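In Swiss-Prot this protein carries:
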DOMAIN    1-129  domain 'C-type lysozyme'
DISULFID  Cys6-Cys127  disulfide bond
DISULFID  Cys30-Cys115  disulfide bond
ACT_SITE  Glu35  active site
ACT_SITE  Asp52  active site
DISULFID  Cys64-Cys80  disulfide bond
DISULFID  Cys76-Cys94  disulfide bond
Amino acid sequence: KVYGRCELAAAMKRLGLDNYRGYSLGNWVCAAKFESNFNTHATNRNTDGSTDYGILQINSRWWCNDGRTPGSRNLCNIPCSALLSSDITASVNCAKKIVSDRNGMNAWVAWRNRCKGTDVHAWIRGCRL
């Protein structure tokens, strides 16, 4: 599923991401835009053999199990396929675990490069939340 900007903001808010670990909702919407273009089915293979999955491009080396990543830790205890669902609950729950790490949202390269230090509130402007 490809979410609309405000549709995704509303879903993320409902699932408790707004101000989770101090990151406002706009940060999450911005991250999703530049990680997956709001597409829950996005997958991208990395040079180390791991794959990033779903709307927040969660990595199989650490966070989920896809059965083909050597030394996978599966710290979210989920199959990576769960991160491709049109229902973003699994992605959000895993993202909460990721952002609770000391690096916070810096774990997301796209957030670090495209969202960090910008006016992320613009991503939810005009949305009825």
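The first residue you see is number 1, and the count goes up from there.
For all residues, glycine too, the Cβ spot is worked out from N, Cα and C.
Features as recorded by Swiss-Prot, highlighted on the structure.
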residue : record         : contacts (Cβ under 8 Å, 6+ apart)
Cys6    : disulfide bond : Ile124, Gly126, Cys127, Arg128, Leu129
Cys30   : disulfide bond : Trp111, Arg114, Cys115, Thr118, Val120, Trp123
Glu35   : active site    : Ala42, Asp52, Ile55, Leu56, Gln57, Trp108, Ala110, Trp111
Cys64   : disulfide bond : Tyr53, Ile58, Ser72, Asn74, Cys76, Ile78, Pro79, Cys80, Ala82, Leu83, Cys94
